[in-house]
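Sharing a structure here in structure tokens format.
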């Protein structure tokens, strides 16, 4: 059946960009303010679900060539690897460090190893959430 | 002092509105009524979050307002598609 949902598609083209930007803002915000890897990944997966809703599975799968099962596994591996790197240096599991570095554009910036852990959490959340919703919508 | 009282009264009215929407969700004759009530609960939550952040003199909840708006929008779109077509995410057979 040919469906005509031009309003939803036009709104999605604008709103998906806003939601993706907001999710990256939440993700980077999580060190000192409300936010973090979990909620950043959750809002990014909600943007991907909105794309799936308005454009259908096949069109999105053509354009986002990411296997979300592998993405979740890679995320968990990154998170555990960051935790294990503390063990290598003789500290407890999940020890985090931070330091201040002079970057070219940003000036004196605080870089923390918790950001890499958060990246792993975000990837795991994106993969799991999108995978759950796709597999729920598969059977009728 | 009066300003704070007005804000608390507004919060109470918003809570009553959410209760009325809950009644519509439980009792609602058709599923379109329930979806409308869910969307309205989202809007009421946004309003009460804004009133709370005025009351508490903080801007930590402003991200939350945007997030509730996004999630409520996506939920309403999904429910509308489910009511209209019976399938939420389209795929080719």
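All residue numbers here begin at 1 and follow the chain in the order shown.
From the backbone N, Cα and C atoms, a Cβ is placed for every residue, glycine too.
Those TrEMBL annotations? Automatic predictions, nothing curated.
Per TrEMBL, the feature domain 'Na+/H+ antiporter MnhB subunit-related protein' maps to A:7-130. The feature transmembrane segment is assigned by TrEMBL to A:7-28, A:34-53, A:74-94, A:114-134.
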How many helix, strand and coil residues does the domain 'Na+/H+ antiporter MnhB subunit-related protein' (A:7-130) contain under DSSP?
87 helix, 12 strand, 25 coil
For the transmembrane segment (A:7-28), could you work out the same-chain residues 6 or more beyond its ends whose Cβ comes under 8 Å from its Cβ atoms?
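Those are 35-37, 39-41, 43-44, 46-47, 50-51, 53-55, 118, 122, in sequence order.
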Summarise the model confidence on the domain 'Na+/H+ antiporter MnhB subunit-related protein' (A:7-130) as a single mean pLDDT, whole number.
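When the pLDDT values over the domain 'Na+/H+ antiporter MnhB subunit-related protein' (A:7-130) are averaged, the result is 88.
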